[in-house]
Structure formats: C-alpha cells, structure tokens
Amino acid sequence: MSLTVDLSGKTALVMGVANARSLGWAIAEPLLAAGCRVGFSYQGERLKGELDKLLAGHAGVWSQQADATREEDLAALFARVREEFGHLDYLVHSIAYAPRPAMEGRFISTTSDDWNTALNVSAYTLVSAARHAEGLLRDGGSVVSLTYHASRQVVPKYNVMGVAKAALEAATRYLAADLGAAGVRVNTISAGAMRTVAARSIPGFSGLYDEAGRRAALGRHATPEEVGKLALFLLSDLGSGVTGQTVYVDAGASVMTMPLPG
Ligand code: NAP
C-alpha cells in the first residue's frame, strides 16, 4: 500500500528550531515535503542565521523572532500567522529549557526560581501558544509538542525537567478537552534520547543515550526522521480520532527495564 500525505492548502507554525538537528526541524521537513506552508519562530536573533540556511530553497516559508515566555512576542507572532495565512491548521511546540544548576545537583535542591523557569518555558508556553492559536485553528486543526519519558520514571539529572514534562503531558490532556469541541486535537510526542543542542546540555546525556540504545526493544535508537513521521501522522488527518495522548517514538526503550540477555 502506498500512502502519500498531501498537505497543500494547509498551514503550520513550528516553534523552536535551533538548527538541522532540532526535533522541530525533523517535524517541519515532512510538512514541507507534503506541501504545507510553514512559518517558524525562534527565540533569539543569534539563531536566525541557522534557520535562514535551513529555509533557503523552500518556497512560502517565513520566520519571526519570539521568546515564547513573552506575551507580547506571542501576540506579534500570531498576528503574523493571521497576516501570512489567515488561519492555522497545525501548531508545533518544540521548546524546553531548565537552568543548568537545576540539572547538576540533586532534585531536592531545586530552587523556586529554577522550578518556575523550567515549568514556565517547557510547559506553560504550550498553554499560552495554544491560547493565542485558538482563534486561528480550524476544525481538523492539530497541536503537537515534545515530551520525554523522564515525566514518568526517574532519569538521573533530568530533575525539574522531568516535572516540567509531566506538566506538559497533563496540559496536553486539558488542552485537548478545551479545544475538542472545535474539532482541534492536541497530542504530545514522547521521543527517545536524540543528539540535539538541548539534549547535549543535560549532564551525563551521552551515558543516557548509550543506555537507551542498548535497552531499546528494537536494539537501536529512534531517529529524528521517525519523530517527524509520527508528527505527520498526529498533525494530519491520519491521526483524526487521536487526542490528549502522549505517544512514544523511542524504539521501545521505555518498555524495557534492561537489555535482553545475549
Ligand atoms: P533544540 O534543537 O535545542 O530545540 C529546543 C528549542 O527550544 C531551541 O530552539 C531553543 O532556543 C528553544 N527555546 C528555549 N527557550 C525558549 C523560549 N523561551 N522561547 C522560544 N524558544 C525557546 O533541542 P531539541 O532536543 O530538538 O528540543 C525540542 C523539544 O524536544 C524539547 O521540548 C525537548 O525537551 C524535546 N525532547 C528532546 C529529546 C532529545 O533527546 N533531544 C527527547 C525527548 C524530547 P535557543 O536555542 O535559543 O535556546
């Protein structure tokens, strides 16, 4: 069976592409390949050069700076979405941050400031972005974000980011309930460990990465391309009927307690 997804006439906003390794970019690529018109937001001007390089050669794309924690940036970003597209079909949230000290020590030492920052950037921004998008999202619209299994099990050093991911997953369910009546779906993708800028800033990430590959049921890591394929499914009509879910793409690392012997 050959199944092609045609997203011509559809529009998407992807928030959080730092470079070619970003999971946001892994999601944008199949959207662009399927003919979707895509706008991008980036946090600071220092990332604009990288993004411009990625976008060169793609027709109909645009980008705008927006710190997702700033209401005025979000208001300007979604005003731009309205101006460029008139409506929005797909919203991709691929944003997370926790201050480094919160991921170096023991979880019990998390300061209130670091807690607030991590949860604000990594979870609340999904809620605020969805609120700004609400008036633009049409029936059949879909919102996707990215989470990680440390929301459910302790991953050493992930600390407050595990709590932020648990909040993101819960927020996904509440947003799905709020937006469901308008025919808009909200899901989050739980991706396996992947080598990105954000991941490299987690202390001990390479040990975690190696262990995930050893233990995964498929005996390998999931890839960014596989994250992109799952996002395409969840965003497009292929995923109609799926909402409020945390969907894993981790090559089965999270279902194993240890590698099979031999
Ligand atoms: P990434 O390429 O570094 O992307 C993270 C993005 O978040 C960056 O573009 C970063 O911008 C942006 N960001 C941080 N604070 C922001 C703010 N206040 N406003 C707007 N943007 C902000 O890393 P990634 O691994 O692809 O991360 C994307 C998502 O995947 C995150 O939610 C992450 O937790 C999730 N995830 C990653 C993995 C993994 O192993 N890589 C696994 C599961 C889930 P700056 O570069 O300017 O800070």
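Cβ atoms are placed via backbone N, Cα and C, with glycine included.
These come from TrEMBL:
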- Gly16, Gln43, Ile95, Lys165: NAD(+) binding site (BINDING)
- Ala98: substrate binding site (BINDING)
- Tyr148: active site, proton acceptor (ACT_SITE)
- Tyr158: active site, proton acceptor (ACT_SITE)
Among Ala98, Tyr158, Lys165, the recorded positions whose C-beta sits under 6 Å from ligand 1: none
Inter-residue C-alpha distance, Ile95 (NAD(+) binding site) and Tyr158 (active site, proton acceptor) (nearest angstrom): 16
Under 8 Å by Cβ from Gly16 (NAD(+) binding site), counting only residues of that chain that are 6 or more apart: Ser22, Gly24, Ser41, Tyr42, Gln43, Ala68, Val92, His93, Ser94, Ile95
Separation of alpha carbons, Tyr158 (active site, proton acceptor) and Ala98 (substrate binding site) (Å): 9
Spatial neighbours, same chain, of Lys165 (NAD(+) binding site) - Cβ under 8 Å, 6+ residues apart: Ala96, Ser122, Ala123, Thr147, Tyr148, Ala150, Ser151
Cβ neighbour count within 10 Å of Tyr158 (active site, proton acceptor): 25
